[in-house]
Amino acid sequence: MGLLRATVHSTFNSKSSFPLWLLLPLLLIDAAFCAVIILRVPYTEIDWRAYMEQVSLYRAGERDYAMIKGGTGPLVYPAGHVYIYNYLYGITRGGADVGLGQWVFMGVYLVTLGIVGLCYREARAPPYLLPFLILSKRLHSIYMLRLFNDPFSILLLFSAVFAWQKKMWTLGSLAYSLSVGVKMNTLLALPAVGVLYLLALGRDKALRQAGIMLQVQILLATPFLTEFPKSYLIRAFEFTRQFFFQWTVNWRFVGEEVFLSRGFSLGLLGLHACLLVYFLVTRWSKFAPPPSPCSGRIVADVARHSGRSFPGFLNLLITPQEGLSEYQMNQCVTPRFVLTAILGANTIGMLCARSLHYQFYSWLAWGTPYLLWRSGFGPGWVTGLWAVQEWAWNVYPSTNTSSGTVVGVLAATVLGVWWGSRFRDEEELFVGKPRRGMKNDEKKLI
């Protein structure tokens, strides 16, 4: 009986990190799933051939994005996408060996699973969430049967999240910028990234990290920018792209006339901006230091307080933070806060996106179990909402019911995260051991 109680306690425990070895059986089981899918389920051609056609033009020397086209249309992804599929072009004999490509994507899937598991562990998420990461039919399909570029972007995003959780800010900047350099969907997390850097590093160092990200983008795009800069910027980061109603997963239930209207588009854009500002004022800025220089003891008191610190956040934008060491600022940005903020901003963006396509589920699925738990939902609700979301994303073509369910679960997740993060997790604050040479008032924070 004691063993049973201990097992149940450890399964739902969120006060400490789950054992690292739990990820090994998860990876082994899912590796078997992936292998069976590749060997037994027919591959579905969607964009792979078009990617290969576009890369063949790049390999022939074409650098004008307006002239690089494939069977499904022009090249509309940043340079990182081109380099990745250029490599795949080489090892798959021009895309002819699709099977080898599937095994490569299986590797990408498993590495992503491992890194996501590490992010969950750093955030002290309970172990019962881990099985949800390997049970998605749609997610396996996106990786092993479709060969979209989204998996590479998401792998780099979670690599950045893990680096930020470990306070490796420059490494995180490199990984995040590379992610955007593959596909710009990860720009949805950018508002939260900016908040993290301001809180952890202060204004000046945050600007340096922004500079690093910009340099990565320039370096990736140099072959295209030096010859056809306008063509590259317009195509690779096309914010005005129009999506067809027939492929939408989310807003089908509003009808095609409303979906295509400018008012609907502007309304979603406004809602997106309002939600981000509201989260910043009422949630993310609670981790900001006081608006004036103060001692480490006062910093600790403020960090334990659950009220707003928005004036302190605004002060970070205006002047460099003085009176706080980098160690003290870093302790305000906990691993749980990092994961919650990044995934929360991404989910807000997806809720307010006019059109989501099936491959976009890879942006959402890895973080849904964590966000539902972070919302304060119990295991039953987490399981139910996850299952309903999974069902909705597997309905093809989408229906009014399935699209309404997609939007409903996204809305429930966003509202749940806002409500569930209204109090600070005190056990997450100021954890760690004093470093050699640390000042006395810094040691008091631990």
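FYI, residue positions are counted from 1 along the chain as it appears here.
Each Cβ is built from the backbone N, Cα and C atoms, and glycine gets one as well.
Tertiary proximity for the transmembrane segment (20-43) is limited to same-chain residues at least six positions away from its ends with a CB under 8 Å from its CB atoms, namely 98-99, 102-103, 106, 109-110, 113-114, 117-118, 121, 127, 130-131, 133-134, 140-141, 143-145. Look at TrEMBL and you will find 20-43 (among others) tagged as transmembrane segment.
Same-chain residues lying 6 or more positions outside the transmembrane segment (100-120) and placing a CB less than 8 Å from one of its CB atoms are 18, 22-23, 26-27, 30-31, 34-35, 38, 43, 48, 88, 91-92, 129-130, 133-134, 140, 143-145, 147, 151-152, 154-155, 158-159, 161-162, 165, 335, 339, 366, 370. The transmembrane segment annotation in TrEMBL covers 100-120 (among others).
Outside the transmembrane segment (141-164) by six or more residues, the chain places 34, 37-38, 41-44, 46-48, 51, 77, 80-81, 84-85, 98, 101-102, 105-106, 108-109, 111-112, 115-116, 118-119, 122, 171-173, 175-176, 178-180, 182-183, 185-186, 189, 196, 333, 338-339, 342, 358-363, 366 with a CB less than 8 A from a CB of the stretch. The transmembrane segment annotation in TrEMBL covers 141-164 (among others).
Feature annotation from TrEMBL assigns transmembrane segment to 176-199 (among others).
The transmembrane segment annotation in TrEMBL covers 259-281 (among others). Tertiary neighbourhood of the transmembrane segment (259-281): same-chain residues 191, 195, 245, 248, 251-252, 308, 310, 313, 344-345, 348-349, 351-355, 414, 418, selected by CB-CB distance under 8 Å and a gap of 6+ residues from either end.
Annotated transmembrane segment per TrEMBL: 337-356 (among others), in sequence order. Taking Cβ pairs closer than 8 Å, the transmembrane segment (337-356) reaches residues 119-120, 122-123, 157, 161, 164-165, 186, 188-193, 195-196, 243-245, 247-251, 259, 264-265, 268-269, 271-272, 275-276, 279, 284, 287, 363-364, 367, 370-371, 374, 406-407, 410-411, 413-414, 417, 421, 428 in its own chain, all 6 or more past its ends.
Annotation comment: TrEMBL describes 401-420 (among others) as transmembrane segment. Below 8 angstroms of C-beta separation, residues 248-253, 275, 278-279, 282-283, 340, 344, 347-348, 350-351, 356, 364, 368, 371-372, 374-377, 385, 388-389, 391-393, 395 of the same chain, each at least six residues beyond the ends of the transmembrane segment (401-420), sit close to that stretch.
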